[in-house]
Amino acid sequence: MAHDGGEAADTVRCPVCSGEVGASGINAHLDTCLLSNNGGHLSNSKPDTASEIGPPMKKARLSLRPGASAEHRETEQPHAAPLHVFSVFHAKNRATKADKPVAPPSGGCTSPEEKRREQRETPTAAASSPDAGPPVPGHAERHLSISSLLDGGKPLAEKIRPSSLEEYFGQNKAVGENTLLRRMLESADIPSLILWGPPGCGKTTLAHIIATNCKKKGSTRFVTLSATSTTTNEVREVIKQAQNELRLCKRKTILFIDEIHRFNKSQQDTFLPHVECGTVTLIGATTENPSFQVNAALLSRCRVLVLERLSAEAMAAVLERAVSALGLRVLGSLTRSLLPEHKKSSTLPKVYIEQKALDTIAHLCDGDARSGLNGLQMAIQARINASKLDAPAQDILVQEDHVKEGLQRSHILYDKAGEEHYNCISALHKSMRGSHENAALYWLGRMLEGGEDPLYVARRLVRFASEDVGIADPSALPQAVSAFQACHFIGMPECEVILAQCVVYLARAPKSVEVYKAYDNVKTCLRTHRGPLPPVPLHLRNAPTRLMKELGYAKGYKYNPAFSEPVEQEYLPAELKGIDFFTWQPSDQ
């Protein structure tokens, strides 16, 4: 604003909102500006009524350049959105060239680095950009057109990602009605979480729902990073920004790290002090067991939320929501000849889908919502492209055979180096131990069809033959060793029947853990022995030299084959005389 000479001496310019304020009231004005989320300025003429009239838009940064006249600043056009409150604290923003007007976007980011930082905040914010693709259900627009499905560039699973807990299916145990976590999410009181579950169960979607709730509340920032492409320096920069937000704006920061198990132990240590003191609320998503992949110290500061693979009923609800968003019509067992005639004469062909086709997707996707939705998208796209060549004016019907072709189960969910690997081998071992041959064959098939190394399974069978069958059937061990050698000779897939034969043999064999327990007692005895271990008795020692014989080595030893009757002779140290490791129980001391 323009002032005369006497007035100018008593006013100063606010560095945050560029407003003219009385010199005596600048401190109170700065407190108000810094605590305001919008970074607006107060009028210098009526500072007490600024909260009533609302903060005006901030003027362009051009008006702040050195040498600009008061008249020029008076005629500057305001920005469409207020600058972020922290823009004045970034050196890169202050270095804007004076000869080129700059119109920073909402949030006050002017450099490419700052723009990338803002793009990481609040995943739903990208929907407002012109090239953000079709709108996502849960926002203003609820339906997608078939053309947007084909031309949008994003997978269907991303386009219709839920934005509220009401649209989030299949995780009632974790975030269902009346659960503690559900109430915390609705109240925006988010604890630090580790979301653990298989692919496509809704880990990232739950993080997006939290981000949407935080955006509505306006009191929390939500920053998204991926451990697959983020460096430690970028994490430290986000934490530094979170510290500034908390100290100056009293605004919390939720940091979502996708695939957090990709960070090594030292990288995960970066979060420890900041999660401990509450600078950031950490939400990590992982498909690996956090007990093995996440630092114990970080794990103790977070709550582990286990998300399950979606059931067929939950997948049916997800697919129903997708069909509704796409505007498809679901038919029973109708064929193309039974479609309404007036639909066929329409200029734009209508797309129909059989209920049986949806049921097939729900059962074939193995609880993976992303796989199911993308399979549905592939089937629809294939039918639309085929109809353009065959009969462009005809309506389109997606049938069960079409979705089976687009969603072929070419693999079984199995991780040879992760949680599923250990779960399946444990199930195989316990099924054989329980003499349940059918279950043992099933778990063997799960491992082999999932791509497990057959030699690994064969080695486990050799161990089982000695540990669980033992002396109850001494031929079990040669059977297992022979199976291992045969698998080594011929490999997969021919060796699968060899492993199956060995598994059935071991499952049917009598079981004895007598040797296993006895040796375990020996190890316990050695580990719990107090003092030095007892020496080998002299009569059991070999005496290959004259000196050893003079020292009493081998003296008094009775050579058993030289006697026709059993020989009474002590073979244990004197401290362990009379001990029976097959019945021995370790003391509590």
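Positions of Cβ are set from backbone N, Cα and C atoms, glycine also.
TrEMBL: automatically predicted annotations, no manual curation.
Given the structure is predicted, the values throughout are model-derived calculations rather than measurements.
Marked as compositional bias 'Basic and acidic residues' by TrEMBL: 112-121.
Taken from TrEMBL, the feature domain 'UBZ4-type' applies to 11-34.
The domain 'AAA+ ATPase' annotation in TrEMBL covers 189-311. Confidence in the domain 'AAA+ ATPase' (189-311), given as mean pLDDT, stands at 88.
Under the heading region 'Disordered', TrEMBL lists 62-81 (among others).
Marked as region 'Disordered' by TrEMBL: 95-141 (among others).
DSSP places the residues of the domain 'UBZ4-type' (11-34) in helix, strand and coil in these numbers: 12 helix, 6 strand, 6 coil. Secondary structure of the domain 'AAA+ ATPase' (189-311) per DSSP (helix as H, G, I; strand as E, B; remaining residues coil): 58 helix, 29 strand, 36 coil.
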